[in-house]
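Per TrEMBL, the feature transmembrane segment maps to B:16-34, B:46-65, B:100-125, B:160-189, B:221-240, B:252-269, B:275-294, B:301-320.
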Amino acid sequence: MADQALDGATSRPLLSLRNTNMTFGGVKALKNVSFEVLPGEVHCLAGENGSGKSTLIKVITGVYKPEAGAVIDYDGQSYSNMSPVTAQAGGIQVIWQDLALFPEMTVAENIAFQTVIGRWPRLVNYAEMRRVATNALQRLGVTLDVDLALHHFPIAQRQIVAIARALVGEAKLVFMDEPTASLTQSETDYLLDIVRNLSASGVAVVFVSHRLAEVLEISSRVTVLRDGALVGVYPTKGLTQSRITELMTGKTFDYSVLHRDLSKSPVMLEVEGLSRPGEIQDVSLAVRRGETLGITGLLGAGRTELALTLFGMRKPKSGSVVLDGKPVRFGSNRDAIAAGVAYLSEDRLSLGLIQPQAIADNMVIASLDKILSSGFISSDRKRSLVNRWIRDLGVRIGKQDDAISTLSGGNQQRVAIAKWLATDPKLLILDAPTVGVDVGARAGIFDIVSKLADSGLAIILISDEVPEVYFNADRVLHMAQGRIVGEYAPGATTLQAIEEAVYA
Amino acid sequence: MTVLIDRARNALGPELAGPLAAFVAVMVVFGFAAPNFFSRATFGSVAFQLPELGLLTLAMLLPILTGGLNLAITFTANMAGLTLAWVLQSQGGVDAGIGAFVLGSILAIAVGALSGLIMGLVIAYTKAHPILVSLSMMIFLRGLGEFLTRGGDVSGIPGFFAAIGYGSIFGIPVPLLIFIACVLIWQVLLTRMKLGFNTYMIGSNIEATRYSGINTRKVQVLVYTLSGAMCAVAGIIMLARFNSVRVGHGESYLLITVLACFLGGVNPFGGFGRVIPVFVALVVLQLLSSGLNLMGANQHLATAVWGILMITVMILRWLAGRLKFLNTKRG
């Protein structure tokens, strides 16, 4: 990597942007930004949500026209703005997070459909499509059955298909938007290998990712944006995750492990030998009042399944659960909520919150009985309940009746936490509470978690990012294949030791 | 004052703008085109015709809000009407007493609710699509009804019952009073009750609602049961108005109820929509039809004009959305 960066420094940039300004409805989305990519380089574009990353990509690909004065030098040509056609013809390709593939069509069709569009005769040459697709996959060093419909493949392979499609368009510069957001660790490693191959074959890759570990692993240089302005361009060598976070947010964070003495605190939850075939095996654990228990492990380790079993949405085959001294057996999540268990879903978009509906409605949905007055919903009670939680958790909103989808990830998550706190829980299970939340806003979420623990709540914090549980939980459990395979105390173990155990 | 306006807006919703604009347009156009439009006769005919379509639309509204549909509304109404007619017949037909009427009405509503209950259970537990389930129920009820009546009419109702169809209290037709009462019940249900709240939530995202600890099956079952009961009320009114009941009666209302919901700003995919705008939309449709009638237009032409109105509304809505989009973009 380092060698490559050195090589690159002497070669002419493939893409160079200067004086790029962009305004939307009075808001400056890009402020005099410059950006440069070398041929064959893996470059990372880092920044929080709303920092202007997507806008910048859209300017480069010709979706948006920058304000006058911008200069875009690409592949020896100079432009004042790009058009989608010139960008495509010049070999600029974007792989968006949602991939924009056709799940019902075959791999060959997904990769090569562009080659048959608008050609005479207007017939589809399937042999040609298969050949083109196989070639593109070969360049990536991958073999896939090109005749199989795409929905048969896991997400990681679909990602590969999206990359292969970009290669068919003779790509010189590929943007990848959060390519690893829904991949497991081994899938991510696989994808990073592919990106390396791509870069070695002379294609420049611009990587947009929230996962800073990958950024450091794959790229040679990092461009950091904050609030639409360029913070700087840094060689990856010598950068640390916390340094990038500081650059992205402009804040410094205090990383230290928790030291709370909970030995005298009564046990809130005690689980013995909980099993559900194929999902969780013989899980035993205990959480005290005021304690935050971290659970980490790879995707598919059974973390969410354990949480759903504790929340009454899956029935255990064997084992016992004792909550606050009383043995419990839940028929549904309604029983669990009534008994004082709350579960914040890992999937905020489709399970955690009802995105099109109002902020206020999302906040009261789990505790409707509290806003009834003689059997009818009292809008005054609802309003005061919502106002209280907005104030207590520092949620930034416009109007209570705005759709929850208008809020940022961090503010949505605060609303989701408020929704569960409104049910007066004894045990709060937080499943991946920082997914889709900006680095800066994550600290705010964990501040809340810490205060809740101090107020006597028992908390289970689930995350696949080991540092998150390491710095925010009193104890850390490691789950793999449905079992608890390790327990660590962050004060007594190093972060690296746990990471090695988890990612091994 | 602003609190009052806010409250009013909350109760009515932004969906009201479209139907109200259509209402004003219809009043203005017919006010000029048909000089005798603003007469007792016009509003009398609207007042008597509105309730049937209106009650069926209320029955359609709840399932649509959950993201479903109830295609069985007209035949459920027929079945309920038949139930009442048979009870009256068995108690002496035109000579039947009040007791027979009360018993028959209760049974009719029970039959309507039962039809909804079955649909609700199937939809909630098998997760089958509401269109298919209610279509099956519609065909079942139609077949059963035609079998039981042999395709004929069941008629002969006591005079006091016919008065419900044609009578007035303080100058307001009784069917209209019943309809307005039902509108108010639906309004309270949807704005002030847990069931109504959950109906909207389910319409937007049933899984997220279930994860929030709502018994989504119970909500679905109740919604279809209430829908069926409301069909029965429509069936009773229809029997009172026509002095007879025949399977297939009012069949043409089915799709009009769906359109009336959309004209009233109800989201076709569920989750959003309010009762009052739907009520105004119904009044507009009925005024339009009565106004055209007054001008001597053919009844079929009136139906065609309804279609044109709907399409116009869709286009205007798109334009309004577009305008809003451009405005926010311009800032």
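Just so it is clear, glycine is given a Cβ too, placed from its N, Cα and C backbone atoms.
Whatever TrEMBL says is automated annotation, not expert-curated.
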The transmembrane segment (B:160-189) in contact with the transmembrane segment (B:275-294), cutoff 8 A, at least 3 CB pairs, sep 6+: yes
Contact between the transmembrane segment (B:16-34) and the transmembrane segment (B:301-320) (3 or more Cβ pairs under 8 Å, separation 6+): yes
Beyond the flanks of the transmembrane segment (B:46-65) by at least 6 residues, Cβ under 8 Å: 73-74, 76-77, 130, 134, 166, 172-173, 175-176, 178-179, 182-183, 186, 190, 199-200, 203, 223-224, 226-228, 230-231, 233-234, 237-238, 241, 250, 253-254, 256-258, 260-261, 266, 268, 270-273, 275, 278-279, 282-283, 285-287, 289-290
Same-chain residues at least 6 beyond the ends of the transmembrane segment (B:301-320) whose Cβ lies under 8 Å from its Cβ atoms: 18, 22, 256, 259, 262-263, 284-285, 288-289, 292-293
